[in-house]
Amino acid sequence: MKERLMLGIETSCDETSAAVVADGQSVRSLVTYSQIAIHQAFGGVVPEVASRQHVAVITRTVEQALTEANVQLSQLDGIAVTCGPGLLGALLVGLSAAKGYALVSGLPFFPVHHIAGHVAAAGLEAQWRPPMLCLVVSGGHTELLVVDENFRFQRLGGTVDDAAGEAYDKVARLCGLNYPGGPEIDKLAAQGNPDALDLPRSFLDSEELSFSFSGLKSAVANRLEKARRNHEYLPVEDICASFQQAVLDVLVTKTSQAAKKTGLRRIVVAGGVAANRGLRQAMTQLACRADLEIFFPNPVYCTDNGAMIAAAGSHMMKAGRHGTLDVNAYANLSFAEWQNLTS
Amino acid sequence: MAILVMDTATEVLATGLIVEENILVSAVSSTPRGHSTALAPLLQSILQSGRTTPHQLKKIVVGVGPGSYTGVRMAVSMAKSMAMALEIPLLPVSTLTALAYAAVPLIDKGPFLLLPLLYARRGRAFGALYQGAGDGLEVLAPESVQPISEWSSLATRAVQDRQNQVKLVMIHDFPDAQADEIPQFATSIHLKSNQERLPRGLWLASQTVRPMMREEIHEVLPNYMLEVEAQVRLRERGAARFGNGLES
């Protein structure tokens, strides 16, 4: 059977990314212009700066992705683009450009939910075997979902306050580590004592599939303040290890509860934090213990990228779920709302 | 020769298809926050009404502002991707110049000055001053962002310099809530009451700009005219720290 090529475009935050993916699985090209260096000076992403940067590089990014995949627009089978959730101005750049390509080529158009893209990353250069339970952990999201054979999602639960990745960034700042803080904490945690600090684990004893990381972040801040007042030395490795352990305990327990509740044996762990070595280790241990199959995207596809959006578009195409060129961009977008955008 | 024009820099979304030097079909819309959903379907519909396929297009004209940042980026992003995909030239035109050309038919006869002003908050407006010259327009004051009072006195002086023998037409997009900030001139037209002419204004304005091809298309950007505030603050902090050669 002829392979189906999808162009994927992602501009929901601070990466301008485009990719060509065959059959939702094989990455033919992936080009990403990261703005991290630009936003570092501000200590976080400035939405208007991000949008200006996207419009400056969008067509170059797409052209490079097509060139590297050695295909022309007319040889593609569809165009996929993130339509939300994300920074509205940033999303609109990718969405408008994608509509332009779709309009002139007449190709089918697939508006993709950003989180659905993170989940689809698990099928890149790997087997895609829904239905699956999904744990999506990133700077903006911490969610437990179920994805079915038609690439439809059901949300089981999520964070009630901060996302896990957000807590990582805040704790990293408290420890004086560089932005983005996740990888730094992960590295230092491996050398520290996870029992050094007694930190809270929210919802651990409840059956509710919810997360809360705001209290954990405050507990770290209070403990550091106490240590400062008492002239007590706390090795940064121990702070990182204790914090990471508290996050992992909650993520693993809730995923395990969700697996029991849904009866699903296959689990996808996706999102920026899925590249975290500590999380990978803890989830792999859970899989052994509970006889579950666990799928992690390749770390290069864990951060925001066009390939995951192309893969999601391919799954939508297979399920016959097309979008139209009047679709909007959404700063907030539930799975139900997104699923209503396509027919 | 078919030319597609579009502009989303103001509250008026303007699209048009020009064939053989005439507007064959055009469509405008001024639904608040509606540009993102309306732009692509409007382009599809005018192409369809004009029985023109995208591949028959020879040029694309896009208004690059100044204006609403999020708004202007939509048409610029779409026009860039369309021109790249079709391998045709892209003509970036000033939205202010297009507004000025769109207002020319409102003037009966005699010498005239045109002052397009787009509200830029905090008592400021993006603007430019043009005077009629033959079939075209001559720039008297280039595009910039100025206090509204500055635009007002600049235009008044220009009229006085011509011994009041010239008609001044202001075209603006001031919102109702800012009506008291509108400079008082005899002829003042709200953009929306002349929106049907904006596609033609874009096309006329495009005749004065150089077409961008291939690599140059990547470089086409909105004319923001104002820096991002966070960048200004960052620079000011840097200047405060290093301005006198000493760390403060």
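Glycine is no exception: its Cβ is also placed from the backbone N, Cα and C atoms.
Keep in mind that TrEMBL annotations are predicted by a computer and have not been checked by a curator.
Among the candidates A:ASP291, A:ASP304, the residue that TrEMBL names alongside A:HIS114, A:HIS118 for the Fe cation site is A:ASP304. Among the candidates A:ASN70, A:ASN222, A:ASN230, A:ASN276, the one that TrEMBL lists alongside A:VAL136, A:VAL137, A:SER138, A:GLY139, A:GLY140, A:ASP169, A:GLY182, A:ASP186 as binding substrate is A:ASN276.
A:GLY140 (substrate binding site) sits 12 Å from A:HIS118 (Fe cation binding site), counting Cα to Cα. The average pLDDT computed over the domain 'Gcp-like' (A:27-310) stands at 95. The two recorded residues, A:VAL136 (substrate binding site) and A:HIS114 (Fe cation binding site), show a Cα separation of 11 Å. Counting every protein chain shown, 26 other Cβ atoms lie within 10 Å of the Cβ of A:GLY182 (substrate binding site). Each residue contributes its Cα atom, and for A:GLY182 (substrate binding site) and A:HIS118 (Fe cation binding site) those atoms are 17 Å apart.
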